[in-house]
Amino acid sequence: MRSCVRTASSVLQSWRAHTVLRNGCPLPSRTLERLPRLARSYAMAYKPQGELEKRIAEIPIERYRNFCIVAHVDHGKSTLSDRLLELTGTIQPGGNKQILDRLDVERERGITVKAQTCSMIYNYQGDDYLLHLVDTPGHVDFRAEVSRSYASCGGALLLVDASQGVQAQTVANFYLAFSQGLTLVPVLNKVDLPHADPPRVLEQMHDTFELDPEAAVLVSAKTGLNVASLLPAVVEKIPAPVGDLSKPLRMLLVDSWYDVYKGVILLVRVFDGQVRPGDTIRSFATGLKYIVGEVGIMYPDQTPQTVLKAGQVGYIHFNPGMKKSQEAKVGDTYTTLGSEKLVEPYPGFEEPKSMVFVAAYPTDQDNHEHLEDSIEQITLNDRSVTLQKESSDALGAGWRLGFLGTLHCSVFEDRLRQEHGANIIITPPSVPFKVIWRDGTESIITNPNEFPDQDQAHFRVQEVHEPYVQATITLPDEYLGEVIKLCESNRGEQKELTFFTATQVILKYDIPLSHLVDDFFGKLKGATKGYASLDYEDAGFHKSSIVKLNLLVNGAPVDAVSRVLHTSQVDKVGRAWVEKFKVHVERQMFEVIIQAAAGRRIVARATIKPFRKDVLAKLHASDLSRRRKLLEKQKEGRKKLRAVGSVVIEQEAFQKFLAK
């Protein structure tokens with residue numbers, strides 16, 4: 001009974017503190033001392049409203065605008081974001097460039113990897129408007145980031161480079177935004193370049209997307225030319241979000257990241273109701289409940305507020321913090337405790353599928369634990385990476401990592417090296433294969449070592465299917481022949497060829513994913529002198545003739561470098577493997593034979609000759625029988641050594657062999 005009374009009293013006192021904070025008045029110190037620890041921490045953390053918060057509080061939902069910038073990679077999204085932040089006074093002019101590119105790898109490569117958000121206040125015709133901007137990635141590997149960003153937006157700036165024109169990912173991003181009902185504002189960037197051709201690009205946009213050329217805004221994000229005319233276009237053309245403050249809280253989780261002090265921080269879009277520090281909310285996906293510790297907006301960094309209201313996008317973290325990132329399921333719906341039956345949860349987002357797999361091993365097994373911690377920290381902020389432990393006889397304990405594409409994999413590797421100082425060995429990328437067994441069951445195999453050898457496959461496997469993608473390539477017509485030849489040599493199947501202007505072509509090919517990850521984009525850029533662009537989407541699994549290629553050293557397979565590939569590639573890859581591996585293996589006291597084998601068929605072979613001891617040095621030249629006897633004895637000794645001796649291959653040899 002006493003414990004029940006104590007609990008009820010604690011809840012009542014917490015409610016009192018919460019109520020006083022709602023009324024905007026700080027509590028007296030004597031009252032603070034009588035509160036329980038948790039309620040006291042909320043009350044002491046109270047700060048009076050600042051100037052920014054007062055301005056936001058006076059803006060009705062009808063004057064909110066949530067929008068994103070979408071474009072092909074390197075068309076100037078992040079630079080344009082900087083100009084908009086400067087125009088609204090959110091950041092100082094001429095300060096930190098690419099302010100929404102927060103990762104070192106983003107600044108180094110000049111690309112956006114994670115969608116970043118920022119709120120701005122813009123005064124238009126005497127009224128304040130709350131603008132919420134999302135800077136999205138342009139590369140196809142991060143399409144899931146773009147798709148999630150659209151859920152928090154009512155419109156988008158469709159940005160096109162005035163010199164390059166409509167590119168493959170411009171097309172893909174347009175249809176993705178159009179399918180989600182976003183209002184699109186066409187924007188031409190880099191109009192100040194000498195080779196910019198706005199009339200041609202406007203014609204492309206009209207022919208490809210049926211967008212009105214008169215509605216386009218022509219700007220130069222680098223110099224700031226005409227950028228000021230973009231904000232009125234956002235206010236006038238992009239609709240305000242729909243929401244009801246009087247309804248129970250309905251909040252969508254758009255993204256999350258990990259903070260070592262606060263735990264998991266959630267980026268949320270509030271559709272109905274409002275949320276404040278001290279509220280208890282529940283997740284529909286997990287059923288877990290949390291006490292809100294802090295709410296705020298990104299301005300451009302985390303800026304605490306006393307409330308997040310319907311129509312706003314902001315961040316939230318809990319007290320005590322959410323320590324397991326697995327609890328934060330992107331696409332989840334949250335509501336206040338007790339309102340679960342009054343709120344309809346959102347359907348959530350489709351989980352992105354890993355399309356490329358690599359194995360990762362530490363260069364020194366003593367660093368295994370440190371590397372494991374580093375990988376886990378990065379995967380907390382990038383939920384699209386899949387992780388599974390594995391081990392290799394040659395390279396020791398490691399992990400099988402799944403990525404959305406080769407750039408995603410490369411960025412992850414760079415972050416490991418730059419942010420955590422990790423030294424790692426990464427195997428060449430592989431793709432998942434679907435195996436249909438003779439008993440009718442199916443398996444998706446992502447690890448080449450688990451793929452059945454040709455001898456087993458003959459008895460156990462009925463069919464093997466490999467993943468295909470539909471590649472959309474935009475290019476000038478003068479390179480059409482070279483690109484068709486490249487696609488055909490990579491087992492591509494032509495689906496569509498369209499001239500969307502007199503000199504620009506859109507090609508659509510179904511291409512095996514295994515060829516796409518094998519530097520197809522680099523070859524495409526080489527064939528077109530950098531003028532082609534590429535976008536792709538999943539095209540399902542197609543039946544194919546697939547075998548496993550093993551590298552053998554003195555008859556023993558080296559598991560770390562097994563590969564699954566099409567039969568047409570076996571001879572070429574096998575010969576290249578043997579020649580490359582031979583260079584990195586040191587000579588032994590016995591003969592070392594390196595072979596590439598597909599099942600029992602030896603595709604290629606190389607021999608490393610042993611060190612030779614001169615057993616005839618002390619013999620007289622005429623002693624032929626003794627000479628023959630010593631040579632025979634040496635030959636027998638080598639056979640015995642080869643039978644019982646194991647080839648010592650240094651870790652560095654694997655590192656050099658697996659290097660690109």
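Residue numbers in this text run from 1 along the chain shown.
Cβ atoms are placed via backbone N, Cα and C, with glycine included.
Summarising the annotation, Swiss-Prot assigns GTP binding site to 71-78, 135-139, 189-192. Summarising the annotation, Swiss-Prot assigns domain 'tr-type G' to 62-242. Taken from Swiss-Prot, the feature transit peptide applies to 1-42, supported by sequence analysis.
In three-state terms derived from DSSP, Ala71 (GTP binding site) belongs to an extended strand segment. The most densely surrounded of the binding-site residues Ala71, Val191 is Ala71 (count of other Cβ atoms within 10 A of its Cβ).
In the three-state DSSP scheme, Thr136 (GTP binding site) falls into the coil class. Of all the binding-site residues listed here (Asp74, Lys77, Thr136), the one with the fewest other CB atoms within 10 A of its own CB is Asp74.
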